[in-house]
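According to TrEMBL, the features are:
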DOMAIN    265-400  domain 'Guanylate cyclase'
TRANSMEM  40-58  transmembrane segment
TRANSMEM  64-84  transmembrane segment
TRANSMEM  96-116  transmembrane segment
TRANSMEM  128-145  transmembrane segment
TRANSMEM  152-172  transmembrane segment
TRANSMEM  192-215  transmembrane segment
Amino acid sequence: MFSRLRQFACDMRAMQSGQLEPAVRDALVREEENGARALLAFRFALFFVFVIASATAPSELIDVIANLAFCLVYAVIVMMQWYLQRKNLHRAMHRFNYFLITADHLLFASLLFFYYKTYSPDNFNHAMKSPYMVLMLIPTLTTMVQFRHTLVFFSGVVFVLIVSCFFAFALISGAPGTKSWTSYILGDALIYPAWLGLWLLLPLTVTSLVAYAIFRSIRMVMAIGKIEGERRQLSRYFSPAVVEEITAGGSAGMSLAGSERREVAVLFADIRSFTALSENMAPHEVASMLSELRQIQMQAVFENGGMVDKFIGDAIMAVFGAPRSSGTFAQDVQNACAAGLAMRAALARFNEKRSAEGKAPIRIGIGIHAGEVFAGNLGGEGQLEYTVIGDVVNTASRIEHLCKKAQADFLISETVASLVQDKIVHSKIGLVKIRGREQPMAIHKVQGT
């Protein structure tokens, strides 16, 4: 129980200081705005109920005037709330909420005081025992949809202050007291301790229940916001089907939470002579071409169980085996090669379309290496990003850069070649000295499947 309260206090401090995750903050703001609209609709409905009740209830002229005056003041308050919401003055609306709560309480209290002065000026107990007292619970109950625990406690405090003022006025005015429950229930007198206990306990109970309801609602919205944030982050790396599987908790071999060493295959793909190609294109054409190409590359990665780690200019880095493995290291490596072949085939179709439009074809280089990497969330608070780092990543990038020198569009390391075996057609082009490595590496050229 106490741990939950501590967690709630931490969540509230985070919410007030704006330190929540963006997705959680957006979800809370969205729900608070929905609650404000619902409250405005409720106030409009309550206003019409008051108007109809005032116009149809059999009463004297002075009662009709008092009730209509009450409705008029209430209408002005509601229209002020409507104006602030229509203009999206959220900061002003937050402050205005405190005025709304105070005004609601005072309106209901003034209506009670009016009836006391009009019908029982000699005995304030009639006002204190009036059913209208229950109306003063409405402002506290309406805070339930506003996701602001401070409003709930503020409303409870205002209610208690009004009750205390009523009690003090009753004592000062000499309202009759009694110790008989019969006289208390059926007569004009009050059992002061019982009345005070009831009308202090009731607002405290309602305030506590509403505060707890808001607590539960905020926790639920924060949980939903966290899930939305995770989905948004995962959608950058995985296909929609895999995102669904991961968020549903049904992905075996999946790890996003911690940092670890994993065996993976890393794929780099880069546009050949991109600078020369883009110099002859308008900016919007470059953006459109890159967007289409990235979509092709992402589809190839996703369809073969990979993760898009990042885009670096006109290059893409994809990982197979982290954070979600296909089962075995060899299978992850084969998936990486399959993704490279899919990119090559999709690019050929893409270039056919460009040729038909009279545009220059696009050539890419693909490089893959496999081995052990460090995988985990890196970055500062609020800017965490799941990625992999290590020699395997650097080597894969450098293998991809060898494509131009080797006059090839798809190169793999000896490690990759040994794991894919005869699953794809490849040929060894020799030992190559790669920057950052002491010994030359055997590099293979991929022909196809």
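Placement of Cβ uses the backbone N, Cα and C atoms for every residue, glycine included.
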Any contact, the transmembrane segment (152-172) to the transmembrane segment (64-84), with at least 3 Cβ pairs under 8 A: no
Most Cβ pairs under 8 Å with the transmembrane segment (40-58), selected from 64-84, 96-116, 128-145, 192-215: 64-84
Residue counts (helix, strand, coil, in that order) that DSSP gives for the domain 'Guanylate cyclase' (265-400): 65 helix, 40 strand, 31 coil
